[in-house]
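Annotated in TrEMBL:
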- HIS290: active site, proton acceptor (ACT_SITE)
- HIS333, GLU339, HIS369: Fe cation binding site (BINDING)
- TYR348, HIS369: homogentisate binding site (BINDING)
- 9-277: domain 'Homogentisate 1,2-dioxygenase N-terminal' (DOMAIN)
- 279-432: domain 'Homogentisate 1,2-dioxygenase C-terminal' (DOMAIN)
Amino acid sequence: MGSVWFILQYMSGFGNEHVSEDPRCPGALPEGQNNPQVCPYGLYAEQLSGSAFTCPRPTNKRSWLYRILPSVCHKPFKPLEEGHLTHNWDEVEPDPNQVTVPERAPGPARRTGLHTLCGAGEPRGRNGIAVHIFVCNTSMINRCLYNSDGDFLIVPQQGKLLITTEFGKMLVEPNEICVIQQGMRFSVEVFGETRGYILEVYGAHFELPDLGPIGANGLANPRDFLVPVAWYEDRQVPGGYTVISKYQGKLFAAQQDFSPFNVVAWHGNYTPYKYHLEKFMVINSVAFDHADPSIFTVLTAKSTRPGVAVADFVIFPPRWGVADNTFRPPYYHRNCMSEFMGLIKGHYEAKEEGFQPGGASLHSMMTPHGPDADCFEKASKAKLEPERVAEGTMAFMFESSLSLAVTKWGLQTSNQLDKNYYKCWEPLKSHFNPNCK
Ligand SMILES: O=C(O)Cc1cc(O)ccc1O
Ligand SMILES: [Fe+2]
């Protein structure tokens, strides 16, 4: 029989080896081995590998799932309509201009699904990223999704997500993020209009950044990452349960007769997890000058080049600004990385207007950007007292070493409102006076 029993409980720690049993079946985890001839309670053992079997220990990831039926019990996959999900980066001609995306990007009539804004690289080559906007007001009923191509870092901006995974349930609210890694099945329940951002990374998992001279503590601390506890349902679905796979950039659906959330116990270090952005321990300049935003990195997906990320997830959280004799907002710059920015709530410090919660901007590789004219004038004259910066705000950046292409949907969406973004810098005037230092 099915059961609606669950409690929202989490285990803490980033990348830990966890063990978890649904309390309705104590002793469901085999003792001392992964594959007994017969598993407790007549369960099937199934390994989910998140790294090559042979990866060195620090990057070796796998979990063992003990389930009522193995995942292999499904009918063949058939192609499914993709909507605005794509990994075709040649839909529109390259364009280096600064792009903003309005906060109310038009959704389709059903208002559900993933809309790809930009990206680069290729799931088959296992190197690349995609940035999607999700919009939905309908829960996934008897449907789940897994991503064969890579990991999803999900940033809800409006509405809570109750995410059921093979590892248990997680409630993820705006100002929290979660990561659902490659292959993990999940289904999302929503409670009204819901939207947010997704960073998809092919071929690398997210890690905590190294701390270098910061020392052993700081930024996102490992203990603040939360992992769900085992929860199962033994639910037959005679009408058919649909398992959707995102595979090589396309969607495919397979039918099965039962809920895939039938994992009674699991152990391992390859799990979904969530993190509350308020827990971030901010480090910044306490003397003078503006530190680079890498100081705000929450998670990084490393490339094979030392120090270079496929993608970093960076936040701009509330903090004190105390630097003396300093232009405190972000400096003007041109970057060899691509900068995609979003706003969960509040008001971004470098833009007086035009960047609303739910909106986005893309500053492409080497395209100049920085504070708008109002921000520059104000910050150049401001009395430099200690002040709270970004109070009530949470902006974030997906920063990538890849050169991102905008999709057709992204271009149409951005064109709706803001052909005029460049005008925010037009009023910047020369203050140069060779006779006055
Ligand atoms: O462009 C942006 O707004 C992001 C950003 C912020 C900052 O403080 C320094 C550099 C940078 O790219
Ligand atoms: Fe920038």
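Any Cβ shown, glycine's included, is placed from N, Cα and C.
TrEMBL entries are annotated by machine, without manual review.
Separation of the C-alpha atoms of HIS369 (Fe cation binding site) and TYR348 (homogentisate binding site): 14 Å, rounded to the nearest whole number.
Counting only residues at least six positions away in the same chain, the Cβ atoms of ALA323, THR326, PHE327, ARG328, PRO329, PRO330, TYR331 sit under 8 Å from the Cβ of the residue listed as 'active site, proton acceptor'. Close to the recorded Fe cation site, the chain also has PRO330, ARG334, ASN335, HIS363, THR367, PRO368, GLY370: residues not among HIS333, GLU339, HIS369 whose Cβ is within 8 Å of the site's Cβ mean position. For ligand 2, the neighbouring recorded positions among HIS290, GLU339, TYR348 are GLU339, by Cβ distance under 6 Å. Looking only at other Cβ atoms within 10 Å, the busiest spot among the binding-site residues HIS333, HIS369 turns out to be HIS369. When the alpha carbons of TYR348 (homogentisate binding site) and HIS333 (Fe cation binding site) are compared, the span between them is 17 angstrom.
The average pLDDT for the domain 'Homogentisate 1,2-dioxygenase N-terminal' (9-277) in the predicted structure is 95.
When other Cβ atoms within 10 Å of the Cβ of TYR348 (homogentisate binding site) are tallied across all protein chains shown, the result is 25.
The secondary structure of TYR348 (homogentisate binding site), as reduced to three states from DSSP, is coil rather than helix or strand. The local packing around GLU339 (Fe cation binding site), expressed as other Cβ atoms within 10 Å of its Cβ over all shown chains, amounts to 22.
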